[in-house]
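J.: Pasting the relevant annotations from Swiss-Prot:
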- 52-74: disulfide bond (DISULFID)
- 54-75: disulfide bond (DISULFID)
- 61-78: disulfide bond (DISULFID)
- 86-100: disulfide bond (DISULFID)
- 92-114: disulfide bond (DISULFID)
- 209-238: disulfide bond (DISULFID)
- 219-223: disulfide bond (DISULFID)
- 247-252: disulfide bond (DISULFID)
- 268-305: disulfide bond (DISULFID)
- 285-319: disulfide bond (DISULFID)
- 296-335: disulfide bond (DISULFID)
- 299-337: disulfide bond (DISULFID)
- 44-117: domain 'IGFBP N-terminal' (DOMAIN)
- 208-253: domain 'TSP type-1' (DOMAIN)
- 268-342: domain 'CTCK' (DOMAIN)
- 308: N-linked glycosylation site (CARBOHYD)
- 1-23: signal peptide (SIGNAL)
């Protein structure tokens, strides 16, 4: 009797174990729960091949297009531009803040489109441009706003004249001093020397250092508080460093013309000041003192007034619960009105066609 009971219990346990094993067996199903359908597996195409095989000559990229190494780390290629297709090998232009957006190629995520990262825009001549926006402030140049910085490329590229050194076979080569000048004879033209990039730097001997300094750049803002910079080695180590200073060309108030009172019988008022002193505001911090700066005025004719004399002052700013800091600032002392009118931030004001 005991043997029969033991065999019955053993058979019951084995039967339950087999049922559980069969019930836990995996079934092919789709994400929707339909049994019998296998999951679809996507395999991405391999775009990189090793060892690297690059063309003998580097590609020539159009103006404004970066020459970068491909995503495989092999060859130099022209970076993809906004709206171009991209992948792991064909990367987007990193110098323009571009990235490859694969959201339109789900679920493979193999091919994307170059798009701009979210970033701040640019302000140029009192006009605001969005990040990635292309604009043309000058007939000869096209500009692009990238994360608060402006980069420009020429619209017209002069065709290089044939070199005098390229002679037919069997001919004697031209003397080296005459090679590469072309028909424009740019070396004989003195017009390019009027550009600020070709002017001699201000030089001063100080101990054993020949002090050099570039001109201050135009103010980054045409109204309100801006920044200008220059490069100089006027420091203890006689090293070339970038210096920055604040600049306040004109207030951004629309009632500026009402604040300027031109005397009767005159056509210009070179300078003007605000009715009362006010504190400067910079990066959310305010100056410890109130100032009444001098601004350049206006003319009734087509003349414009620009700074003539200025000096540097030190302004201390206090920040709420974040301490204080000091900045050097341009302080205008006098202005002059002239016919040669240029925008304070016009980077094309000194362009000359060679």
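A Cβ is built for glycine as well, from the same backbone N, Cα and C atoms used for every other residue.
Source: prediction; values computed, not measured.
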J.: So which disulfide-bonded residues are near residue 100 (disulfide bond), with CA atoms within 10 Å, out of 92, 238, 319?
T.: 92
J.: Between the Cα atoms of residue 268 (disulfide bond) and residue 299 (disulfide bond), find the distance and write it as a whole number of Å.
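T.: Rounded to a whole number, the Cα-Cα distance is 4 Å.
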J.: Fewest neighbouring Cβ atoms within 10 Å: which of the disulfide-bonded residues 52, 74?
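T.: If we count Cβ atoms within 10 Å for the disulfide-bonded residues 52, 74, the smallest count is at 52.
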J.: Filter the disulfide-bonded residues 54, 92, 285 down to the ones within 10 angstroms of residue 78 (disulfide bond), Cα to Cα, kept in sequence order.
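T.: Among 54, 92, 285, the ones whose Cα sits within 10 Å of that of residue 78 (disulfide bond) are 92.
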J.: At the level of the C-alpha atoms, what whole-angstrom distance separates residue 219 (disulfide bond) and residue 247 (disulfide bond)?
T.: 6
J.: Would you mind reading off the Cα separation of residue 54 (disulfide bond) from residue 74 (disulfide bond), to the nearest angstrom?
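T.: Residue 54 (disulfide bond) to residue 74 (disulfide bond), Cα-Cα distance: 7 Å.
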J.: Provide the number of Cβ atoms within 10 Å of the Cβ of residue 319 (disulfide bond), excluding the reference atom itself.
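T.: Summing over all protein chains shown, residue 319 (disulfide bond) has 13 other Cβ atoms within 10 Å.
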J.: Over the domain 'CTCK' (268-342), what does the predicted model average in pLDDT?
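T.: Here the predicted model's pLDDT, averaged over the domain 'CTCK' (268-342), is 86.
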J.: Please identify which of 252, 299 has the densest Cβ environment, defined as other Cβ atoms within 10 Å, among these disulfide-bonded residues.
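T.: Ranked by Cβ atoms within 10 Å, first place goes to 299.
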J.: Does DSSP put residue 52 (disulfide bond) in a helix, in a strand, or in coil?
T.: coil
